[in-house]
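Colleague: Take a look at what Swiss-Prot says about it:
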BINDING   Ala18, Met19, Ser20, Gly21, Gly22, Val23, Asp24, Ser25, Leu44, Gly136  ATP binding site
DISULFID  Cys112-Cys213  disulfide bond
ACT_SITE  Cys112  active site, nucleophile
SITE      His137  site 'Interaction with tRNA'
ACT_SITE  Cys213  active site, cysteine persulfide intermediate
SITE      Gln355  site 'Interaction with tRNA'
Amino acid sequence: MNTLDFDKRPEDTRIVVAMSGGVDSSVVAGILKREGYDVLGITLQLYDHGAAVHRAGSCCAGQDIDDARRVCETLGIPHYVLDYEARFRETVINPFAEAYAMGETPIPCVACNQTVKFADLLATAQELGADALATGHYIRSRPNPVSGQPGRRALYRPIDSDRDQSWFLFATTQEQIDYLRFPLGGLSKAETRALAEEMGLVVAKKADSQDICFVPQGKYTDIINKLKPNAALAGDIVHLDGRVLGRHDGIVHYTIGQRRGIGVATGEPLYVVHLDARGRRVIVGPREALETRRVYLRDMNWLGDGALAADAGQGFTCFAKVRSTRPPTEAVLHADENGIYVDLMTGEAGVAPGQACVLYSAPGPDARVYGGGFIDRSERSVDAEASLKALLEKPVAA
């Protein structure tokens, strides 16, 4: 077996590398080239507007495409650029705006992976005769002998917990996992940068992207207001107890768990606990009203060894992560007549519809990823649920 688990020599193994123009995917290409694989670099042009084109680290725009080209020249591998702007707008940007308009907090990186990178680009790699598509994500995959199927693989958290991207990859299907390779899963970010320096790559000191790639300067509201003007319509800021505390300029400016910048001063700390898109209301309350013990999931992607109904029918003990910045905590997954839901042993605050609940075998590095789903709704304390229900059933004043 070679280092990518193929039973043939590296030089007889063709690998397409998804190159964003950043240091991570560039080092992946360098590692595979150094190991003797037949490497092709492909960059997707996903958008081309305003400041994002000239902003280094924005991913898959003008400057980054040029950086990917220069890296491929240094490594001596072919580089291709594919125009996916229309596809990206249709499957990522438009749904992103629609979700915010409905009071959700979407994860565009997941949509991009599932509709562009791990669907369209993966299909292109197969058409080019590649044995695998490699990316610069910090996650691991290994053969899964328990499955009893040749070529079947499982996902695991990476060694570098600070760079763990497994939460964003929960929706990766089993067929995609079997075809993908993640060479950086066993490296730290510092080791990746050291390799980039050693290889003489122009991106060795390039800063990491911190924003949503298609949102210049982090101003996501500009895009949403352009595509979904109704999301910027004014409405009331309402306390859970029914008091109208003030006005807002659009629910798009708020997210569940937010405390700062709410726009009201009452002498008590208040948090956004619900966004009522239909009534154009931002509902606020005390921090204890945020504590969530159960989340209901939609679009579940189960990556366990058995069928979901069999594994979770009587409750499946695992660890759940409901926010990208939070560690996994003890949980139980259920799949029964009430739907698919996760009971959290420790209450979590700031759980928002549209975000993900991702399941693991353990809380630490190298834990297996069991998949997950998008959060459809959540249950809080009995008092908070009752207050919210009563408020939502109350007619909104014209």
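Backbone N, Cα and C define each Cβ position, glycine as well.
Help me see these features in their spatial surroundings.
Modeller: If you draw a 10 Å sphere around the CB of Cys112 (disulfide bond), it holds 26 other CB atoms from the protein chains shown.
Secondary structure at Cys112 (disulfide bond), taken from DSSP and collapsed to helix, strand or coil, is helix.
Within 10 Å of the C-beta of His137 (site 'Interaction with tRNA') we count 26 further C-beta atoms, all protein chains included.
Cys213 (disulfide bond) falls within neither a helix nor a strand when secondary structure is assigned with DSSP, and so counts as coil. In this view, Cys213 (disulfide bond) is surrounded by 22 other Cβ atoms within 10 Å of its Cβ, with every protein chain counted.
Gln355 (site 'Interaction with tRNA') falls within neither a helix nor a strand when secondary structure is assigned with DSSP, and so counts as coil.
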Colleague: Other than its own, how many Cβ atoms are within 10 Å of the Cβ belonging to Gly22 (ATP binding site)?
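Modeller: Around Gly22 (ATP binding site), other Cβ atoms within 10 Å: 24.
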Colleague: Assuming the binding residues for ATP are exactly those in the record, Ala18, Met19, Ser20, Gly21, Gly22, Val23, Asp24, Ser25, Leu44, Gly136, what is the maximum CA-CA distance in angstrom, rounded?
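Modeller: Max Cα-Cα spread across the ATP binders: 16 Å.
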Colleague: Among all the protein chains here, how many other CB atoms are within 10 A of the CB of Leu44 (ATP binding site)?
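Modeller: A count of 24.
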Colleague: Just the number: how many Å between the Cα atoms of Cys112 (disulfide bond) and Leu44 (ATP binding site)?
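Modeller: Just about 11 Å between their Cα atoms.
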Colleague: According to DSSP, does Asp24 (ATP binding site) sit in a helix, a strand, or coil?
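Modeller: Note: Asp24 (ATP binding site) is helical by DSSP.
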Colleague: Using other CB atoms within 10 angstroms as the count, which residue among the recorded positions Ser20, Gln355 scores least?
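Modeller: Output over recorded positions Ser20, Gln355: least Cβ neighbours within 10 Å is Gln355.
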